[in-house]
Amino acid sequence: FSCNLSDLLCSFLGLLYQEYRDKSTREEIETRRLQDSQTDPEETSPSEETPSEAEPTSTIENKAPPQINLLRNSNSRFNLWQDLPEVQSSGVLSILQPDEIKLQEAMFELVTSEASYYKSLNLLVSHFMENERLKKILHQSEAHILFSNVLDVMAVSERFLLDLEQRVEENIVISDVCDIVYQHTVNHFSVYITYVSNQTYQERAYKQLLQDKPAFREVISQLELDPKCKGLSFSSFLILPFQRITRLKLLVQNILKKVEEKSDRESTALDAHKELETVVKACNEGVRKMSRTEQMISIQKKLEFKIKSVPIISHSRWLLKQGELQQMNGPKTSRTLRTKKLFRDIYLFLFNDLLVICRQIPGDKYQVFDSAPRGLLRVEELEDQGQSLANVFILRLLENADDREASYMLKASSQSEMKRWMISLAPNRRTKFVSFTSRLVDCPQIQCVHPYVAQQPDELSLELADVLNILDKTDDGWIFGERLHDQERGWFPSSMGEEILNPKIRAQNLKECFRVHKSDDSQRRKLGSRNRQ
């Protein structure tokens with residue numbers, strides 16, 4: 001078996017990781033579409049898998065062993081663990097239970113996807129970073145910002161892949177891979193935090209180089225046209241490490257959903273998942289930290305205080321939402337809408353712990369006339385007030401800058417903007433649908449079919465095949481969702497996803513999510529118990 005493993009992985013190396021990942025997630029989408037279309041509960045279970053995209057989605061090979069690995073490479077004789085000649089000839093497929101075969105495929109995918117990822121990293125280094133023409137154009141400092149510690153990342157991937165290969169060589173039936181994931185995450189994957197934390201500098205440097213150095217732009221364009229790159233951009237290679245560490249967590253989740261409950265393999269998978277989640281969170285925090293600091297400095301410069309000054313810049317503070325609303329003048333009892341002057345423009349800066357209420361003044365400045373801690377904000381929607389008071393809500397400051405209670409009647413430009421402000425201002429306010437943490441038996445769900453990049457702080461970036469609980473939605477095309485795999489919340493356009501209509505699939509998605517996060521739940525219960533004491 002071992003003598004063919006290198007050949008096997010080389011066959012997978014025909015796909016660059018970007019292609020592998022895209023194909024994998026798109027087939028995941030097709031899997032759910034097929035499952036969602038099934039109406040007879042006897043015909044499908046939430047754990048069944050789809051055929052490849054190239055095959056008609058209406059036909060399912062009932063007799064074929066379950067096919068979990070989502071890689072389809074037309075140039076390779078091997079698509080799946082069960083397609084390996086050694087596996088086919090060994091007779092294990094007739095002995096193993098279907099659930100074990102699915103688990104083998106999930107573990108095998110983690111190995112083959114790492115091989116594909118290593119190939120793409122290698123191309124980033126050999127084809128771009130070590131290109132002699134590019135070296136002459138870039139200053140050493142520019143090259144350092146652009147490529148960061150990618151050599152360390154590649155060395156870690158190579159070591160990780162060698163250990164995974166060795167495990168696969170030990171036995172036709174893979175014993176486990178999550179113990180290897182755990183060891184490497186704990187001991188080596190900190191290089192990902194360093195690389196990803198540099199992302200903001202990297203993006204800025206790349207844009208600046210394209211703008212300021214025509215020779216750089218020309219060389220990059222020529223290198224991108226090389227057949228080795230398969231039409232993929234240089235920037236798609238630069239973001240590989242962040243994509244991989246996030247995807248690796250999802251691959252471990254996939255394994256975790258398939259291992260036997262209360263087994264050693266479940267325990268190992270939970271440990272690996274927990275460590276990966278820590279690394280991913282540190283990566284996210286690293287990216288946010290620099291941009292947040294710069295943003296806070298910029299806002300501080302724009303504010304002029306009519307009231308007692310509040311220090312804005314703090315390491316633990318960041319912007320959640322900012323924007324213009326209209327304030328209704330006069331008490332609620334004298335609502336006469338004869339003139340538009342009844343509404344006056346105000347501008348809000350909402351931070352994670354503070355609200356600042358301003359009026360815009362000349363010179364791109366804002367005069368602050370009130371503020372309150374975010375925890376002392378309450379909101380209330382006005383119901384059935386007619387067209388002139390559409391999208392109006394009441395904001396109450398339980399204790400404002402003058403240590404008094406204050407109320408503002410505010411009008412938003414649209415229903416979605418009103419709901420977005422209300423949820424941001426009072427995050428604990430009940431949403432239309434109950435959240436993941438409530439353990440609701442059923443809840444509307446959506447899967448992402450188009451990637452989305454957040455444009456505002458209260459929005460959520462989406463990757464293909466993300467599954468989210470729908471917490472709220474608006475009539476003008478926005479959804480407030482909670483992603484199942486990491487419980488991140490935010491707004492996104494409803495056109496980015498397709499609602500999951502089959503209640504069995506929704507229930508299965510929730511069940512799998514609860515299982516993946518069971519260690520988090522037990523930790524929360526311990527903390528709750530400790531707090532009660």
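Note that Cβ sites are derived from N, Cα and C of the backbone, with glycine treated the same way.
Heads up, TrEMBL stuff is auto-annotated, nobody curated it.
Features as listed in TrEMBL:
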COMPBIAS  25-35  compositional bias 'Basic and acidic residues'
COMPBIAS  39-52  compositional bias 'Acidic residues'
DOMAIN    102-286  domain 'DH'
DOMAIN    318-430  domain 'PH'
DOMAIN    441-502  domain 'SH3'
REGION    25-65  region 'Disordered'
Query raised in the report: What is the average pLDDT across the domain 'SH3' (441-502)?
Result: 93
Query - Contact between the domain 'PH' (318-430) and the domain 'SH3' (441-502) (at least 3 Cβ pairs under 8 Å, separation 6+) - result: yes
Query raised in the report: In the compositional bias 'Basic and acidic residues' (25-35), how many residues does DSSP assign to helix, to strand and to coil?
Result: 11 helix, 0 strand, 0 coil
